[in-house]
Amino acid sequence: MRAAPFDFFFQSTALSTFFILCSLATNEIPTISGAPAGKIVQPPKPNILKQGCPSDLLHSRALRSIQLACRTHPATVISAFEGVQEGLQNCANRLRFQQWDCSEAGNIMHDPPLLRQGFRESSLIWALSSASAAWGVATACAQGWIDDCACNNQMGQNEYEFGGCTHGVQHGITASRKLLTKVGAVNTLLRKVEKHNLKAGRLAIKKTLISSCKCHGVSGSCQQKTCWKRTATLEHITDYLVEKYARAKLYTDDSVVKTTDLIYLEASPDVCKAKSVAGRVCAWRNETHTQGDCDRLCCGNGFSIRHEVVRVKCDCEFVWCCNLVCKDCIQHRWISTCNGTPPKSLIF
């Protein structure tokens, strides 16, 4: 069964907490008590970035560049990998009411079957993986957790200028290109489409950049302003690429496409025949028969409705200064899920 939207947000990989904190930190970096004016202290590096690459990446057969980078820049590879994982989860949440929902696409660093085909869905996974890898590395850079990133001040002080880190964005984009682009591969039409969509993903990072500024001066006056570019949230980047996916273009040798377009080579197989929809949560009261409608989402296999009683936090309020106090409430839920049979294909 698919998780409810808010439950889904908290079901993530080993670095989910790291990325949540990073997103908060890069959006509004707090002043650390006792730190010099205009300075912030770098947050400690998460243990997962200190442990080196796991064996599946260290011995990856899909991408030779992953193997090499694991030996020289493991923190970069792990940040990219976890960024991709986070991106796939965002995609599954974003498309949870569509028949194909990213949930079984697989991480690009593991060479999933979907990326050996030129489907419309493949174009989204290529682009989203590329963008998410760049986002993961840029986010880690902004925190000073990657040693060779220009954002990390290695001058002997565990602090750096409050001015944001535009360098981290470019470092993330460069890392994504080097890690995910296959070098020396056969120059087939599929490979051309793959490279195009990977680049479109990297461009999505640039297209969604956000400008941030901080004023410097006495009593909050803006005598001097420091501005920098930072990455958007991964949710926003995912939304941007999902919209591109909806308008993806069929590619031929004489096609004229923009570098930001997603492109594909062949029609997708029927999702209802290619994969199982059993357990998918659907909207059985959807009278408009649009997104999430059980009749459409369940491919005509029918659906089941069950009643759940869950305990949730409610009526939350902050108690000065820093405690969040909530009541425990009982909530009744009627959940409809698709019936179905095992999948007939491993592609989706």
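A Cβ is built for glycine as well, from the same backbone N, Cα and C atoms used for every other residue.
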Look at the disulfide annotations in Swiss-Prot and name the partner of Cys91 from this list: Cys70, Cys102. Cys102
Could you check Swiss-Prot and say which of Asn286, Asn339 is marked as N-linked glycosylation site? Asn286
With reference to Swiss-Prot, specify which of the listed residues Cys215, Cys222, Cys227 is paired with Cys213 by a disulfide. Cys227
Cys282 pairs with which of Cys294, Cys299 in a disulfide, per Swiss-Prot? Cys294
According to Swiss-Prot, the cysteine among Cys322, Cys326, Cys329 that forms a disulfide bond with Cys316 is Cys326
Does Cys282 (disulfide bond) have same-chain partners at least 6 apart in sequence with Cβ under 8 Å from its own Cβ, and which are they? Phe97, Gly292, Asp293, Cys294, Leu297, Cys298, Phe303, Ser336, Thr337, Cys338
Within 10 Å, the Cβ with the most other Cβ atoms among the disulfide-bonded residues Cys222, Cys299, Cys316 is that of Cys299
Let me spell it out: for each of the disulfide-bonded residues (Cys149, Cys227, Cys338), count the other Cβ atoms within 10 Å of that residue's Cβ, using every protein chain shown. Which one has the most? Cys149
Looking at the disulfide-bonded residues listed here (Cys102, Cys314, Cys316, Cys326), whose Cα lies nearest to that of Cys222 (disulfide bond)? Cys316
Round to the nearest Å and give the CA-to-CA distance linking Cys326 (disulfide bond) with Cys314 (disulfide bond). 6
Just give me the nearest neighbour of Cys316 (disulfide bond) among the disulfide-bonded residues Cys149, Cys215, Cys329, Cα to Cα. Cys329
Under 8 Å between C-beta atoms and at least six apart in sequence, can you list the same-chain neighbours of Cys314 (disulfide bond), or say none if there are none? Cys326, Lys327, Asp328, Cys329
